[in-house]
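All remarks here apply to the structure that follows.
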Amino acid sequence: MLSSSCDVQTASSLGAALKNPPVAAVPVWECRTAPAGTEALVAQNKNLALLDCDLPRPASNTLLKNKLMVLCFGFPLSIFFIVINEFCERFSYYGMKAVLTLYFTRFLLWGDNFATAIYHAFVALCYLTPILGAIIADSWLGKFKTILYLSIVYAIGQVVLSVGSISDLTDQNQDGSPDHIAVNVALSMIGLILIALGTGGIKPCVSAFGGDQFEDDQEKQRSTFFSLFYLSINAGSLLSTLVTPTIRASECGIHTKQECYPLAFGVPAILMAVALVVFIIGSKMYKKVKPQGNIMLEVSKCVGFAIKNRFRHRSKEFPKREHWLDWASEKYDKRLIAQTKMVLRVLFLYIPLPMFWAVFDQQVSRNYIKGGFQIQPDQMQIVNPILIVIMVPVVDSLVYPLIKKCKLNFTALKKMTVGMFLASMAFVASALVQVQIDKTYPVFPAAGQTQIKLINLGAVAATVQFQPQLQNVTVAPNEAVSKECLNCAHSLLLFLTWYLNFQCVKDKLSINYFEDVAPNTVHMAWQIPQYFLLTCAEVLFSVSGLEFSYSQAPSNMKSVLQAGWLLTVAVGNIIVLIVTGASTIKEQWAEYVLFAALLLAVCIIFAIMASFYTYIDPNEIEAQLSEEEKEKEKKDQDDNEKAAEADSRM
C-alpha cells in the first residue's frame, strides 16, 4: 500500500532519468492526491521517480503532466521560453523604433517637429498602456492569456505598419511615390496604435509572469531571472538596432528602388510572430496564477472608504488607529486592507524615480550623453545595449557575490540608490567633456551684435576700412580676423569651415588650403566613461527595481506594481519636456549640471525614504491572513453548531 504523500522529482539536467534519486535532487512537485493510473504513467516516463503515494481519489493523467515542473540548471524550464519570448519581442520593438523617425520624415514627408511630436506620443502611449494590461491580467484574464491575446494584437500591428510602408500600395502611375499618401498614413497610425497597445499591455505581465514560475524558496534563482530578463531586453535591442537600419538603407520596390521600409518593419513583425510561437510552445510548462476579480476597483474603493471614514471621525473623541487604511476595516476584510498597504508603500517609493528616467532617456531623445560629438544616431544607440550585455553577467556573477562575501547587506533599494548616484555622475562627466569641447568652438556674436569674418587668401597683407567709427583692419596672408560691432548696420553673417584658393603661376596650379573652423580635438573615447557610468546605473537601478516591484507586491497585484514601475518612465519623459521647455540656460554643459544636480537631490531623498522602508514577505503575510480566516470560519462554524444544538434542546 502506498503512503499518504509523495514527491515526484526530476534530475537537475533536462531529460536525465531518475530511477535512484541522488541526495542533491530537488523536489519540484508535491502530490497530495495523485490521480488514478499514476503508477502506469510513471512506468512509461523514465524521468519521474515515484515515491510512496496514496491514491485516494481519481483524476486525469493530464493533471499529473501539467503539474510537473522540469528544472534546467536549477531554473524552471518554463522561464527559458519567457526569456526567449522577451528577446524576440524587444528585437521587434526596438528594431521598428530605430527607423521610425526617418520613416516619418523621408517616407511620409512630415516636418521634423511634427514627426518628433508623433514619435514621442507613440512612446508615451507605450508606457501608459501597461496600466491597462496590468488591470486586465490581475483582474480578468490572468497573465498568460493577457500576454497571448495582446501579443496577437502586437503582431497584427507590426504587419499593418509594414504594409502601410509599401509605396507601391497606391502608386498607380509607378513614379515611386504614393498617389494617396493618406492611405499609408492611416495604415501606419493604425499599426502604431496596435503596437502600443500590444507592447505596453504585455510589458508588466511578462516579467511578473516569469517571477510566478518560481517557488517561495527560490529567491536567488528569481533574482537571477530578472537579470537574465533584462539581459534579453538589451540583447534584442542591440541586434535589432544593428540590423534594421541596415535593412532600411537597402533598396527595394516593384516599380522603383528606394529605401526598404517594408522589409525594415517586416523583419520585426516576423520576430514578433516568432515570440508568440515560442510563448505558446511553453504553455503546458507554465505555472498560471488565476486572477482574483477586479482587484484595482476593490483597492480604489477601499482607499476611498478609508479616507471618507477617517474624515467623518476626525474629532479627538475617536481613538487613533495604527494606519489610516485601518479606517476601512468596518467595510473591507483584513486581507484586502493588508494588500492595499503593501501596494501603497511601494508606490510611495516610486515618487522620486521618474527623475532617473528623465536623465537616462536623454541619451536617445536629445543626445545629451554624446557630449557634443557629431555622430550618426544609429552608431550611438548600440553603445548602451553592448555595455548592458557585458555588465549584467559581470555584476550578477562577480560583483554581487563579492559584496555578499564582504557581509554587506546590499538590498534592492540600496542598489537603486547607488544607480541613481552613478547616473548623476555620468552627467557630471558629460558636462566636463562638454566644457572641453566648447573651448574648440569659434566665438559667435552675442545677441544684438554683428560679426564679419575677413579671410585673406592672398600672398600679401590686406587692409579693410569700415565705417568711420571703426578702426581699419589688417589681415595677414592666410589668416582670418573676426570683427564684432554693437547695433551695426551689417546683417550678414557668413561662416565656412574651409576654403581652397586656386592660382595658376607659370602654367602650374597652386592650391592653398585654409581652415576657418577647425574640428574639435576632444577624442571620442571620452564618451566611454559617461556610457560606462550610465550603464552601471541602469543595471543597478532597473534590474533591482523590477525585482523589488515583484517581491514586495501581493500575489494578486504583481502586474499592477510592474505597471506602476513602467509608469515612472512615462512621467520621466514628461519631466524632460517641462524642464527643457521652461529652461533658459544657453550653455549645454550647464544644462548637464542642472540634470545631474536634480538627480543627486532626488537620490538623497530616495535614500532617506528607503531607509524607513521595511521589507516584507507578501506570501507569508497572506498565509497568516489565510490561517486567521480559517480559524475565524472554524470558530463561527463551532458557534453556529452550538447555537443549533441549543435550539434543538429547547
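Positions of Cβ are set from backbone N, Cα and C atoms, glycine also.
Note that the coordinates shown come from a computational prediction; the quantities given were computed from them, not determined experimentally.
Taken from TrEMBL as is:
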type     : residues : note
COMPBIAS : 627-650  : compositional bias 'Basic and acidic residues'
REGION   : 626-650  : region 'Disordered'
TRANSMEM : 68-84    : transmembrane segment
TRANSMEM : 91-111   : transmembrane segment
TRANSMEM : 117-135  : transmembrane segment
TRANSMEM : 147-166  : transmembrane segment
TRANSMEM : 181-202  : transmembrane segment
TRANSMEM : 223-243  : transmembrane segment
TRANSMEM : 263-282  : transmembrane segment
TRANSMEM : 342-360  : transmembrane segment
TRANSMEM : 380-403  : transmembrane segment
TRANSMEM : 415-437  : transmembrane segment
TRANSMEM : 560-580  : transmembrane segment
TRANSMEM : 592-616  : transmembrane segment
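Tallying C-beta pairs under 8 angstroms between the transmembrane segment (592-616) and each of 91-111, 181-202, 263-282, 415-437, 560-580 places 415-437 first. Note on the transmembrane segment (560-580): residues 120, 123-124, 127-128, 130-131, 133-135, 138, 200, 203-205, 207-208, 295-296, 343, 346-347, 350, 353-362, 365-366, 545-546, 549-550, 552-553, 591, 594-595, 598 of its chain, located 6 or more positions outside it, place their CB under 8 angstroms from a CB of the stretch. Within the same chain, residues 89, 93, 96, 103, 107-109, 122, 125-130, 132-133, 136, 146-147, 150-151, 153-167, 169-170, 566 sit at least 6 positions outside the transmembrane segment (181-202) and bring their C-beta atoms closer than 8 Å to a C-beta of that stretch.
Residues 118-119, 122-123, 154, 158, 161, 165, 167, 181, 184-185, 188, 195, 199, 236-237, 239-241, 243-245, 248, 259, 261, 264-265, 267-269, 271-272, 275, 378, 381 of the same chain sit 6 or more residues outside the transmembrane segment (91-111) yet have a Cβ under 8 Å from a Cβ within it. Remote same-chain partners of the transmembrane segment (117-135), defined as residues 6 or more beyond its termini with a Cβ less than 8 Å from a stretch Cβ, comprise 97, 100-101, 104, 110, 146, 150, 192-193, 195-197, 199-205, 294, 296, 365, 559-560, 562-564, 566-567, 569-570, 573-574, 577. Within its own chain, the transmembrane segment (147-166) is flanked in space by residues 89, 92, 96, 103, 107, 133, 137, 141, 183-188, 190-199, 201-202, 205-206, 209, 261-262, 264-266, 268-269, 272-273, 275-276, 279-280, which lie at least six positions past its ends and keep a Cβ under 8 Å from the stretch. Break the compositional bias 'Basic and acidic residues' (627-650) down by DSSP state and the numbers are 23 helix, 0 strand, 1 coil.
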